[in-house]
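Copied over from TrEMBL:
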- 1-49: region 'Disordered' (REGION)
- 74-586: domain 'Major facilitator superfamily (MFS) profile' (DOMAIN)
- 139-172: transmembrane segment (TRANSMEM)
- 193-211: transmembrane segment (TRANSMEM)
- 231-253: transmembrane segment (TRANSMEM)
- 281-304: transmembrane segment (TRANSMEM)
- 316-336: transmembrane segment (TRANSMEM)
- 356-375: transmembrane segment (TRANSMEM)
- 395-416: transmembrane segment (TRANSMEM)
- 423-442: transmembrane segment (TRANSMEM)
- 448-470: transmembrane segment (TRANSMEM)
- 482-508: transmembrane segment (TRANSMEM)
- 560-582: transmembrane segment (TRANSMEM)
- 598-627: region 'Disordered' (REGION)
- 609-627: compositional bias 'Basic and acidic residues' (COMPBIAS)
Amino acid sequence: MVSLPWKKWAQAKSAQDSPEVSSAPAGDTVAPYEPPSAFLEDETDSVDTADRKQQGVVVAEAAREVAGWKLYLAFLGLALASYVNSLDNGTGYAYLTAATDQFGQYGLYPSIQVIQQVCIAVFKFPVAKLSDCFGRAQGYIFSVLLYILGLIVLAACPGFTAIVVGTVFYAFGSTGLQIMQQIVLADITPTKWRGAAIGLLSAPYIINFAVSPRVVGQLAPFGTTSEDWRWGFGMFTILLPVATAPVIFSLALSQREAKKQGLVAPHPYRRMPVLRAIKSFFFDIDVPALVLIAAGFVLILLALQLSALTASRWSAAHIITMLVVGGVCLVGLVLYEWLLAPKPIIPRAFLLNKNVALPAFFIGWFDFAAFYLSWTPAYTWVFITYNYNASDATYFSNTQSLCLTVFGIAAGFLALATKRNKWVLTAGSCIRLLGLGLMVRYRDAMSTTFQIVICQVLQGLGGGLMGVSLQVQAQISVRHQLVAMVTAFVLLFTEIGGACGTAVLGALQLHVLQPRLAQELSPLGVSAAEITSAFGSPLGIAWPLGDPRRDAVIRAWSHYMHIVLIVALVLSAVPILASLLVTNFKLGNTQNCVSDELNLNGTEPARPQVHDEETHTPSHSHSDEKH
């Protein structure tokens, strides 16, 4: 096991406390013991720079040293938590769809998803920062508590407002759990295994591909007024704490042992007055920036959708106010982060590092926007067009998730075999574009089952290669003390991309689908109330296939999907170009590719190298080199 700085601190402290004779000359006074600067923190500053590690990172590294058998318990806990989370992801959207449909608010379902996705994006930062400041176990516990609270509210919701409130807490907890899974994996796996580990963490989706539709078919079937969907949320209040207990216990016990062995200095906050500690934590997690991000994106994205619900559309006072205030918030975010924030969550170092900025902005953002544009309406589209039941629609919707998982694992092992990550990312971008292009072609009622399914398979194949690779690319380009924040940074913009895609989808649903339904159904004598019902509660449509009214609805949905997919296709071209510009790092045994720290195989670390594609000679790796 490689010798780490805290061991020197422990040894120095032990020698200081030892009653043995000091080697200092007689008469000299031995200065009081001072822990090294890596463990100290000025009261007005956190240990958050490139050369100084925050307490939670130090605790994580010390806990890794003493973990022993508890490391295997942590892997078991990661697997169990991943299984339960994947089952929730594979069924939760169906429960939300059933809930909004039952309350007659399906037209606002994209609005709920926008709020959910912005919460998912923004809350990754405070959870990541919490784990950096206090420890990984604390981050897990906090996330699970919020997750359970959200599930309880959703299970007991009396109306649409409660759904929105529950969704917020549910999103906070879910995203907290997901970011903690990624952070712990990054703590304990070397770069060459990182992609495979991230892929394997998603393996439960393979099992749940068969399980999820059966659960949805029982709890949220189409065309019923049953409230069994409440049990869908309720059962996870039991499953979640049981599944996460092993990993929380493992992390907490390892952290406790590390502290007992003197491998970790007292927390810097303990040396501060209470108000000073609260102030430090307030700026450590950059609360002003989080508020500006959330407010800016929520206001602008919701305005895109709500504009269609008023007669005056874009000229409505509240729509103008939302756009203006949202825009001011985003401009204020940029100015605050660059000029005022003592500890910015969007540091310049991330923006100037192409291996962070490109995966975050030009690959993750555009890919997730395209994904949510094409995937979100697919569940309802196959019911409308092909009369799938709830189970079959869930199988179809989860086909892409299954392929994302299978090929995500393949991407990890491909990177492990080749010791390269870049070209896996590029190949995934190209295949994803192909899948979307075919979906534009095969979107009408004349397409066969094979034709519509192969589009999902190809999108999942490309997305699986991309999803793992873009996250690995960012993680390996920074030092260990920044891995939690860079992971949150990249996932922030991927989720914001998804929220933007969903917002655009909601706008298209209101501005394209709603009037198109009226255009197609009105000549058939369908009343305005029935048209409104066909738009607001599409899963309750009882007209059979072959009925002129059902054919009219199918034509309206085909027109709507054509526009949606064209937008997604254009967005998907950007990641291909961006993937060509990232550094082609050589993956090895170290925790990252820009330093020799934390050789996780216990062997003598070798200086990481990247491949110079022009000269075909190795060169020392730096995150800002162009290859």
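Keep in mind that glycine also has a Cβ here, set from the backbone N, Cα and C atoms.
Counted over residue pairs 6 or more apart, the CB atoms of the transmembrane segment (193-211) and the transmembrane segment (448-470) come under 8 Å in at least three pairs, which marks the two as touching. The average per-residue pLDDT of the prediction over the domain 'Major facilitator superfamily (MFS) profile' (74-586) is 86, rounded to a whole number. Between the transmembrane segment (356-375) and the transmembrane segment (231-253) there are fewer than 3 Cβ pairs closer than 8 Å, counting only residues 6 or more apart in sequence, so the two stretches are not in contact. Here the transmembrane segment (423-442) has long-range neighbours at 195, 363, 367, 370, 374, 407, 411, 414-415, 451-452, 454-470, 473, 562, 565-566, 568-569, 572-573, 575-576, 579-580, 582, 584, meaning same-chain residues at least 6 beyond its ends whose C-beta is under 8 angstroms from one of its own. Long-range contacts of the transmembrane segment (139-172) within its own chain (CB-CB distance under 8 A, at least 6 residues past either end) are made by residues 56, 92, 95-96, 99-100, 103, 105, 108, 112, 115-117, 119-120, 123, 127-128, 130-131, 179-180, 183, 230-231, 233-234, 236-237, 240-241, 244, 247-248, 251. A Cβ distance under 8 Å defines the sequence-distant neighbours of the transmembrane segment (281-304), meaning residues of its chain 6+ beyond its ends; these are 46, 48, 54, 111, 114-115, 118-119, 121-122, 125-126, 129-130, 133, 269, 319, 322-323, 325-327, 329-330, 332-333, 336-337, 341-346, 492, 496, 499-500, 502-504, 506-507.
The list of residues near the transmembrane segment (560-582) in space but at least 6 beyond its ends in sequence, with Cβ under 8 angstroms from a Cβ of it, reads 354-355, 358-359, 362-363, 366-367, 369-371, 373-374, 377, 381, 422, 425-426, 429-430, 432-433, 436-437, 439-440, 443, 466, 473, 501, 504-505, 508-509, 512-513, 516, 626.
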